[in-house]
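Report on the following structure.
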Amino acid sequence: MGVVSAGRPLDGGRGWVIVLACFLAQLLAFGSPQSVGVLYPEWLSTYQEGKSMTAWVGSIVSGVALITSPLCSVCVDSFGARPVTIFSGVMVAGGLMLSAFAPNVSFLIFSYGIVGGMGCGLVYAATLTITCQYFDKRRGLALGIVTTGTSAGGFLYATLQNELIELFGLDGCLLIIGAASLNLMACAGPMRPLNFPGYYLKQKAALAHTDEPLYDKPSTIIIVTGDDRDTGPAHKTPGTATKELLIGSEPGVGGYLGNRPFAALCVCIFLFSLGAFPPVLFMEDVAQSAGLAEHVAAVPLVSVVAAATGAGKLALGALADARRVSGLHLYALTAMASGAALLLVPVSRSYAGLQALCAVLGFFSGNWSLTPYVTTRMVGVEHLSQAHGILMCFGGFGIMLGPPVVGWLFDWTQSYDLAFYFSGSCVVAGGALLFLATLPCWGLPESEGNTPAVESPCDPERENPSDKVASVA
């Protein structure tokens, strides 16, 4: 069941109120996962597990949030952004509070990683979907502001969790930030849906047939889609009871992956997530292992990454709205720049050098704000949830695998050098692949201004051969 628009997208007024609510929602949900690098040394000391095993906690929370994006997108399409955000507040808070009582790393993987991760995934899907519904011309800037909430949360929570651990210990810290996450319910208030969710349409369709006898069981079910509604009566057979079921035509996963730029973007996001996420988790340990810092600084490297990422999301989001700027090419170039910064981490021999590289890496990692923008330009806002869910699923697998691989390489070599060479190479390769796949020499229509760079695999103007009427006796 698709969605029906209740009005045209807006570029102001209530839309900016929703942007603020979505910004705060992402800040509250992703603050702790984005600054999990502060908790990582504490977990190592408390549970005495290997770096690779402990790294699963931080990787799974972000990985699950993205891998479950297709499911979360279905929830948003079916129930709307407001109830999904309210439910996510319960999940995020519950996961963090349960983690305070974790007896071992395995329990942390479940509570902090799976439960908290699914809550974060619900917030992410809800906030991006409703923001895209309310904005058109300024969609890039709006998405940049909303996704900056994760970076602002990472920056604030890195210092906050550090102080709470000193005052109340690790368990007290998790209980307090878990309680703060309940404010997600308040953030859901302004998220009035611009598009009617699926459950509303089903109820409306059911009420439209209340005048029919309940005992009149239809002998034929006619499935009607799109333009077939006007010709529906022609399909009815005289003397038989019929029932029309209206469904929306949604392209399958293969329909998206059959498009070269979209498939290249999936691979790029997987490689980017595989290589660019580990620094968020390991950067403090990199400095301590190299003897560049005796303890976590007052402004941790995680906070530097988060602050620079926030600036990057705003700048890149605004740049994407400019005319004659290809969002796909911009994403590819920023990915390659991030990979170059990762390759320089092993040769940095000072804490100031690591801070500079973290700033560069964080700024270009702000290309996360481009992902929903580029997706919308490729497939349209009507199909954003499904297509973006597929992309985030690829990113989730990369995030889930990256930190354990880096931790395993450290356990094997007792050095982070090989791990960061591996990470940087993956990110550069992903960006180069996307850039090459979207070159005009492939015969793709060139992007001009805000025109989509590629043809949508689910263009509503394109006739879908499977969009036919089916009868079931």
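Here the Cβ of each residue, glycine as well, is placed from N, Cα and C on the backbone.
Feature annotation from TrEMBL assigns domain 'Major facilitator superfamily (MFS) profile' to 18-442.
Residues or ranges marked as transmembrane segment by TrEMBL: 55-76 (among others).
Cβ atoms under 8 Å from those of the transmembrane segment (83-101) belong to residues 25, 28-29, 32, 72, 75-76, 107-108, 111-112, 114-120, 122-123, 125-127, 170-172, 174-175, 177-179, 181-185, 187-188, 191 of the same chain, restricted to positions at least 6 beyond its ends. Positions annotated as transmembrane segment by TrEMBL: 83-101 (among others).
Here the transmembrane segment (107-128) has long-range neighbours at 22, 25-26, 29-30, 32-33, 43, 47, 56-57, 59-69, 71-73, 75-76, 81-82, 84-85, 87-96, 98-99, 143, 146-147, 149, 184, 191, 372, 384-385, 388-389, 392, meaning same-chain residues at least 6 beyond its ends whose C-beta is under 8 angstroms from one of its own. Taken from TrEMBL, the feature transmembrane segment covers 107-128 (among others).
Annotation source TrEMBL lists transmembrane segment at 140-158 (among others).
Annotation comment: TrEMBL describes 164-186 (among others) as transmembrane segment. A Cβ distance under 8 Å defines the sequence-distant neighbours of the transmembrane segment (164-186), meaning residues of its chain 6+ beyond its ends; these are 24-25, 28-29, 31-32, 38-39, 42-43, 46, 85-86, 88-90, 92-97, 99-101, 123, 157.
Sequence-distant contacts of the transmembrane segment (262-283) (same chain, six or more residues past either end, CB-CB distance under 8 Å): 34, 36-37, 40, 55, 58-59, 62, 66, 154, 256, 301-302, 305, 328, 331-332, 335, 338-339, 342, 345, 354, 358, 361, 365, 371, 374, 378-379, 387, 390-392, 394-399, 401-403, 405-407, 410, 416, 419-420, 422-427, 429-431, 433-434, 436-438, 454, 457. Residues or ranges marked as transmembrane segment by TrEMBL: 262-283 (among others).
According to TrEMBL, the transmembrane segment annotation covers 295-316 (among others).
Taken from TrEMBL, the feature transmembrane segment applies to 328-347 (among others).
Annotation comment: TrEMBL describes 353-375 (among others) as transmembrane segment.
What TrEMBL records for 387-406 (among others) is transmembrane segment.
According to TrEMBL, the feature transmembrane segment maps to 418-439 (among others). Long-range contacts of the transmembrane segment (418-439) within its own chain (CB-CB distance under 8 A, at least 6 residues past either end) are made by residues 260-261, 263-265, 267-272, 274-276, 278-279, 282, 326, 328-329, 331-346, 402, 405-406, 409-410, 453-454.
The region 'Disordered' annotation in TrEMBL covers 448-473.
Looking at the domain 'Major facilitator superfamily (MFS) profile' (18-442) alone, the prediction's average pLDDT is 80.
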